[in-house]
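Written below as structure tokens is the structure these notes are about.
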Amino acid sequence: MAGHDDEEARIETVKDAVTDMKLERQSSTESVAPNGILDTITPKDEPNGHLSSKPSTPSLKPPKSRSRSSNSLAKDEVPEEKVGGDITIKQEPGQPPKLARSASQKLPPRAAPLFTDLPDKTTEATSTFQLMEVCTYANKYLGYTEHAMDCDCAEEWDAATCRNTACGEDSDCINRATKMECFGDCGCGDSCQNQRFQRREYAKVSVIKTEKKGYGLRADCDLRPNEFIFEYIGEVINEPQFRRRMIQYDEEGIKHFYFMSLNKGEFVDATKKGNLGRFCNHSCNPNCYVDKWVVGEKLRMGIFAERYIKAGEELVFNYNVDRYGADPQPCYCGEPNCTGFIGGKTQTERATKLSHATIEALGIDDPDGWDTAVARRPRKKKAGEDDEEYVDSLQPKSLDENGVTKVMAALMQCKEKWIAVKLLGRIQRCEDERVRHRVVRMHGYQILNSQLNTWKDDFNVVLQILDILDKFPRLTRNKIIDSKIEGTVSPLQECDDERVAEKAKALLEIWSALEVGYRIPRMKRDPAAVNNTPTANHYERRETAKDDRKPNSSKSRSRSRSRSRSVDVTRNAPRGPAALTRGGGKGHMHSYRPGQRPFRRPFNPLPKGWFAAESNGRTYYYSATGETTWSRPTAPAVQPPPPPKRESKEKTLQDIIDGIMNAKENTPKAKDKSATPATPADAKIPEKKEHKEKWRSYSEEKQKKLYENTLFPHVKYIVDKFKHKLPKDDLKRYAKEVAKKLVNSDFKNNRVEDPTKISDKQVKQVKKYCKEYFDKAVAKHRAYEEKKAERKSKGSVKATTSATIDKAETTSTKAPPQFDGAAETGDEDSDVQLSDAEYEDGQEESSHHSGLKRKRTDDEDFENDHENGGVSPTKRQRSASLPIIPPPPPPMSPSNLVLDDGSREALKRQRTEGAEDDEYGDSTISSGKRQRSETPPPPPPPPPPADIPPENIESENENDKDQEELQDYDVQEANWGKEDNIAIQSPSHSPFPAQSISNHSNTARETDSHS
């Protein structure tokens, strides 16, 4: 007890000696920490003057003995005062008091005080500001950082706790090691342990009222080291706004502000809006630290436990502040190593202070050695001097595997060039291949890609990064592609610095030679369909009964973790099969309800293409082609031919339209059937009275379009006559040109009374003009072909001129010269001169001998179509293309139960004939659908093997065959006169009815006339 009393007396003496000292005021300019990591915070709104600052990592531990310093200042130069026991205070003019470096013993640690007796002031404290759950950003670019990367962890579900233990504190999660939260579709699954910021997994804390420090934060439960306590939330602002608010709050009488430095030039202001994290006080011996984490695309700040914290302890961290102004703020932490003031020196006079994590990443052996080495320099730091000069004399230790995590985490958040250079230098000097593999695994390519984009204007830093990339172990291109670093290195090939250009070019050549390793693609999860409740599934992994009987066993607990979600332990899994093995009997089977059993292949299945059906209790077998048999087949069935490829809807519709137009034009007039059929007059469709004059409300452009559509059938009538004389593309172009000329001329001369119809006289004039137009085009085309043939004949010595011309006319594929209708008939704006003379079709047909035969054949076909039911041209073409199928052979002998090859072929032809008859009678699609179905409908069973005598069956089959041949012969004889251009194999082999044969022959004649 006496020793304890002496210790308390000693601490009180130190506290009194520190607080009674007077420091000379010194003026200093306001500035921001140049390194962007040290945080500037101003005091809190309580008389304690405690600051709310933002250190970026764990605060410093209690300093070790500094008696090892060999360059300590002489004692006679600096006055010292012994305030109690072995503790000595050193005082310098104008400087805050500090412990003497000559102390030979470490300060004795003290037990952390508990504040369990203080009442909860959370409600009272939250009334002084606006409570927020997330940070607000002045603009969307504030707090932005590189997107979080995917980790390599897999799901690990613990059945006992029903939690996903992946990415935990003790795991080797890459994201957790580099201070990134798993975000989106990481492979670790839903609700992993590395989503604390997103799920707001705050510790149980409460606000208390302290004696001297005002409001403080108290832990209501025990906390483990590195446990997440609270996120520091407020308004994220930029530096100009920060400076304006400093002045604004001072004018409003707010003496204590809550600013935390989030990034270089970015601050979190929790003065008026924030959460309970703003009440965490300062201490020179803290139990918490502040760290920055990447969450999605934002950088966020959280408070974490630095050591084991008991319930009732006050949560404090080292503000590590750079003071703005000359007035030092007193510190009331009461720790043995307390310097008495928060921040100490002003911004321009301070010594270099870095976060604990940054010091470890730089390779400094002892965090205290950093401050000691800086303080022992023979001169003070000058205003505006870079911190880099203070660390040049320090030799960092070599990088090992354990230090890679700290280096990559610090490099990920580094915004200061001199710190980035030091960290990159540690990686560059490393020669251990295992360490380099570790760097690559810790998102090495992604982090170096970010640094390369940040410092691409500094060629020295770029060379340093390229040298590190060149030393990386390379097996595949996967990580290089995922990091997208090739897009950053590629522009460096055009760099002004030759060293950078050569290095970048060589690196890209090496990368391009690597192969891409195949990886199983990760399943993309739908964020909206996330369900955190484990559900029972018949195929999921179940826990064994042994694990259920030993819930407290560590061995069974370790086995209960699996890669996938396990069955909910609160539900009773079916135990039917297990009950039978234990002698449960039928009683246990009553509650066993298995799920749907998997499909099992039937025993001794039929060969491919065969199916079974029943008839009168007997089983027979059939194939898709119609082959049937009573005996079980042993060989695969002959597969039916694939269904014909269906035409597209657009082509089918166009064929229907063309068929209607051809039938309309080929319709002869009733008054002169004997004469050569003239061009059909325009079909007058009766319209409703109210729609008769609707076209008058249209614009002139729309009326022209309507009139052009009216002329189109008559222009097409002439175009069809020239389709074998001109190339298709030229024919279409000329048709459009002549239609435009006719429309413009008629509208210019006011010859259009109604754009929806034209008179018979106009029809003849239009056709005459179109014929003259295309005759000139044909003449031009032939002249062009002749000239081309002459040029070919000159180049060929052996070929004759006549042979060259014939060959050019038949095999030429070049486009003919552009036919300028305006050059022959006048300008486009000039009127089209239409004569009143009637256009005689006989003149045209006399000049084209083959056209007369085709026209007469078309008229006959049209009449036959109307007499026989109006079969469209499309159907006629389909009929012509189908092969003629011979009739089926007589049925097989019932005495032969096993079909031979001839019988099978006969049944196949018989079945195919039935399908063709259905197709021509109904639709061409039905048979295709039957062929595509998996199991076709069973055909009628084959004749019974023994019920009917064979003699009767053979006689009936012969009579049926004779009758079918007689009917087919009658049909063939009735249409014999029309089939002059196509040969039919045999009357008895024709499966087509009379109508189909007639259409078939007409189509053949039409094809022959065209040729």
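Count begins at 1; order follows the chain as displayed.
Glycine is treated like the rest: Cβ placed from N, Cα and C.
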Problem set entry | Per Swiss-Prot, the range holding region 'Disordered', considering 378-398, 630-650 | 630-650
Problem set entry | Residues in the domain 'SET' (203-320) grouped by DSSP into helix, strand and remaining coil | 17 helix, 53 strand, 48 coil
Problem set entry | Within the domain 'Post-SET' (327-343), residues counted as helix, strand or coil by DSSP | 0 helix, 4 strand, 13 coil
Seminar exercise, completed: Taking every residue in the domain 'Post-SET' (327-343), the average pLDDT works out to 76
